[in-house]
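Now, the feature entries from TrEMBL:
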type     : residues : note
DOMAIN   : 10-387   : domain 'Major facilitator superfamily (MFS) profile'
TRANSMEM : 12-32    : transmembrane segment
TRANSMEM : 52-71    : transmembrane segment
TRANSMEM : 78-98    : transmembrane segment
TRANSMEM : 104-121  : transmembrane segment
TRANSMEM : 133-151  : transmembrane segment
TRANSMEM : 163-186  : transmembrane segment
TRANSMEM : 223-241  : transmembrane segment
TRANSMEM : 253-272  : transmembrane segment
TRANSMEM : 284-305  : transmembrane segment
TRANSMEM : 311-329  : transmembrane segment
TRANSMEM : 336-354  : transmembrane segment
TRANSMEM : 360-381  : transmembrane segment
Amino acid sequence: MVREERINSKLFLEGFLGLLSTFGPFVMDMYLASFPQIAEFYNAVPSLVQMSLATCTIGLAVGQFVFGIISDRYGRKVPLLLSLLLFLTVTIVCLLSPTIELFVFMRFFQGLAAAGAVVISRSIAADCYSGIALARIFGIIGMINGVSTVLSPMLGGFVAGAYAWKAVFITLFIIGLIMFAGTIQFRESLLQHNRICLSFTLLSSEVKRIVKNRSYVIPTMQYGFVMAMIFVNLASGPFIMDEYGFSAEQISLTFGVNAIALGVTAGLASRFKDMHKVVCYSNNGMIIASIFLVAALFLHLSFIVYEVAVFLLYLFVGAMCTATTTLAMDSERKNAGIASAFFGATGYIAGGIISPIVGIGNIFITSAILFIGLAFGNGILSRILKV
């Protein structure tokens, strides 16, 4: 149900949460197509430019803990305003950075600041909704977040191609300003009597309690596996499609098609009352799609076979994202900020770990092994949860 005492309008709240949820993917991925331009601008080696992606990912993971914990103590609005103010400041520094070293360093803080929007968006949802209504809002957030994860590099490529790499960061600055303005209009969702006065001892005890909650931990781990599969596709897809002779524009279009699949099922999953069944059915679908994908990669079948398998995989991934988010956050309503922090960080950590592995050895074989391994790993977790 929706808790009506939260006085933000339904339309504003859904749009606001959807916008906040896109921040992580846009900050992390939007500038990927600009790597060659950045390397040329700073006269830097590609590996140093790529380091800026790693520092941003680390910032996104760390920032979710920082702002998630703070928001349980001080409410959602003030920490969110501070995170966005930090983001705007750091983005200006990135634009004006005279050296690649400073640029790489500031990308950590850009990710850290953006994490505030990501983690607090889930906490606000848990504050304002429960049950089927919570599943619905996470379906909307999952749909928007999933699409933005895949489309942000494509949009960034168009912006950088039309102007230059700094135009991407100017675009991010404008998005940050819009979010800041929206946050000013946002009315606090965590009432004073629901806030937690966290000491280190209390925080430690709450974290221990959360990690012992199977109803929270298992869906969170499953979300990590699902995000790892997305990152495997993002890291391997361009190289695999290049082997098929695809141009950069065709690769971007393919990612866009897959994003539609993910977004549609992320939204549809919220219409089901039993999220445990969604997890079960989605996992079975991911295993079947992964088997077809392994066959396509190992046997070097036609691109159509490969793309159909990836498309099917994304259909089930989208539903799994909504279901796991709903199950995890609904089981830890008391400490939504901390729970949201662990949940979100798990996805980024999983993606950060898995992405470099994709480049080891033959990318077709490595990707195939990772896809099938992650799908079956998720299946084992489903059995543990007994869904």
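In case you wondered, yes, glycine gets a Cβ from its N, Cα and C as well.
Scored on C-beta pairs under 8 angstroms, the neighbour of the transmembrane segment (223-241) with the top count among 52-71, 104-121, 311-329, 336-354 is 336-354. The average per-residue pLDDT of the prediction over the domain 'Major facilitator superfamily (MFS) profile' (10-387) is 82, rounded to a whole number.
Contact between the transmembrane segment (360-381) and the transmembrane segment (104-121) is not supported: fewer than 3 Cβ pairs lie under 8 Å, counting only residues 6 or more apart in sequence.
When Cβ-Cβ distances under 8 Å to the transmembrane segment (311-329) are tallied for each of 12-32, 52-71, 253-272, the top count falls to 253-272. Note: the stretches the transmembrane segment (133-151) and the transmembrane segment (253-272) are in contact (3+ CB pairs below 8 A, sequence gap of 6 or more).
As a quick check, the transmembrane segment (78-98) and the transmembrane segment (336-354) miss the bar of 3 or more Cβ pairs under 8 A, pairs 6 or more apart, so the two do not touch. Contact between the transmembrane segment (104-121) and the transmembrane segment (336-354) holds: at least three of their C-beta pairs are under 8 Å, each pair 6 or more apart in sequence. Ranked by Cβ pairs under 8 Å to the transmembrane segment (163-186), the stretches 12-32, 284-305, 336-354 are led by 12-32.
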